[in-house]
Amino acid sequence: MSKTSGSSKADLVADQSLSRHLLFVFAVVAGIRSLCARFSIIPDCDEVFNYWEPTHYLTHGFGLETWEYSPVYAIRSWSYAWIHAVLVNLCRLIGFSEAGLFFALRAVLGTFCAFCEVQLYGSLLRNVSQSAAQWFIFFSLTATGMFHASVTYLPSSFSMYFTMLAYSKILEPESLHSPGPAILMFSVSAVLGWPFSVAVAIPFFSEILRELVSDPARWKIALRIVKAGLLALTLLAGVVAFDSYAFQKLQIVPLNIVLYNVLGTDETGPEIFGTEKWTYYVFNLLLNFNVVVLFAILSAAVMVNMTFLYSSLSTTKIITILSPLFLWSIIFFRQPHKEERFFYVVYPLICMNAAIFVDSFIVLGKRLFEIIEVPASTIRALDYIVHIEVVALVTLIAFSRIAALHSFYFAPLEVYGALFDENAKLGSQDSDILNVCVGREWYRYPSSYFLPENMRLKFIQSDFDGMLPTEFVGESWLDGASRVPAGLNNVNKQELSFYVPVSECDYLVDSNFTVSDVEGTHEQQYVADTEWWQVVNCSRLLDNDQSSLLARIFKLPEAAEGMILETPLYHRTWVSYCLLKSVKR
């Protein structure tokens, strides 16, 4: 047997072993993401009204429309909604119940996220180190931010998936000479997902330009870039064509999104929905990643010149993979309007940067100890202690935060889910459309996927005075998508015609939060109004204003919670979040 033959066999065995390992890791990650799909809360009402509702309109023929979908503004893509509508319909064909379609789509998103995570994990394993890859997947699986971002139906989550795929390609040694796959992933992220996600590609694009100037084989590289660019333009043309067909007029939605956010005035730009100080992101990132985000920040030290730790990576490659997180932070910390979801794109990069820092810190520490001739047994013991301490600290903080989010804010998904049981009790007694009303709790609505076919959401007036969505109207989805709805505007101005009187409500979802005592308030304590309303189902919801900061952030195991005395620093107040039935029924 020749040496070449033996080497080939060894490589084949190694590849097969790696494939089995990656398959095992994927099974573990996908399993955890399925739990995320089932137990994660809905962190942002924009997800419901801008994505779940249009998708429900496509799959069920009814749903709510926001101003962003009006052909007048067109800053949401029907191409993106249709991709998910197809997935929902496939879940129906497989046999998921109507009540389970919401969680089924979440599970699909979580599975795809798991695939992307494992692709990046495998690339780190091959091109950086086994330890860095293991830290990455550990940080990703325990991060509170990834717990909900992995299954969230938002363009920023979609871009997060493809950012992982892009960086799994960038880490490969041939990425500069064959940049096509990474460019294509970035293109899908920006065109179908969120246009601003292209910012994380800037360091890689800069490196490609440098390579074009210095590499003798620049024409081959240029040709591959052109091929990838043509594919990206084809994708963009397809999206523009489909969206223009839906709106029945030429619309370039990615461009519309950029123009709205960049050129919007004080009266029509994103700032009308609120502004925050830079500390908003600091607090948010600490909640979602605890000490891991600090490790990610410290990865800046690795960019100085740490090639002696990672011989397979050049200094420029290290900068290319670590700098996007800092570039993204500089851009978005400066924006007045801030949302948690804006950082979803770089959530995996936080985990990757942190993983590389922790790995390099441990390796550097070992080498320094070896130089000063510390015994090998002591080095191994210290290495073990560092691993245990980091794993324990990250896990405990993350799990207590995840438990807090589910325990404190999952009530809406439970309460609206009771409508299917309520509808089953009605049987064939009532074929009329029933109105499920919501007032001040409108922003917790989990989507029309929680409504049976014979129920519709209606708004009753509360003290909220901004723009609410209206219903899609049309004989077909195309008719509804292309019709300009009356009353919608881009200045967050209230439209009174969107409300119905309480007397038209068959069901009502409300909480027993304290009602404003301001004269002229539209809010009432419906939960306590037993003369007109019967309680069908209630679940407890945390009252943030009446609970202490520490008790809002973390949730300890029940045994530990029972041992803690209520103090001004640690106490919780609960309210009831209820589904009510009109006594007239």
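Even glycines carry a Cβ here, placed using N, Cα and C.
As recorded in TrEMBL, the features of this protein are as follows:
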TRANSMEM  21-42  transmembrane segment
TRANSMEM  103-124  transmembrane segment
TRANSMEM  136-162  transmembrane segment
TRANSMEM  183-205  transmembrane segment
TRANSMEM  225-247  transmembrane segment
TRANSMEM  281-302  transmembrane segment
TRANSMEM  308-330  transmembrane segment
TRANSMEM  342-364  transmembrane segment
TRANSMEM  384-404  transmembrane segment
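The stretch in closest packing with the transmembrane segment (308-330), judged by the count of Cβ pairs under 8 Å and taken from 21-42, 225-247, 281-302, 342-364, 384-404, is 342-364.
Outside the transmembrane segment (183-205) by six or more residues, the chain places 77, 79-80, 83, 155-156, 158-159, 161-163, 165-166, 169-170, 175, 225, 228-229, 231-232, 235-236, 239, 254-255, 257-258, 261, 319-320, 323-324, 327-328, 331, 345-346, 349 with a CB less than 8 A from a CB of the stretch. With respect to Cβ pairs under 8 Å, the transmembrane segment (281-302) is most closely packed against 136-162, considering the stretches 21-42, 103-124, 136-162. Long-range contacts of the transmembrane segment (103-124) within its own chain (CB-CB distance under 8 A, at least 6 residues past either end) are made by residues 18, 22, 25-26, 29-30, 32-34, 36-38, 40, 84, 87-88, 91, 96, 132-133, 136-137, 140, 150-153, 157, 160-162, 164-165, 167-169, 171-172, 348, 352, 355.
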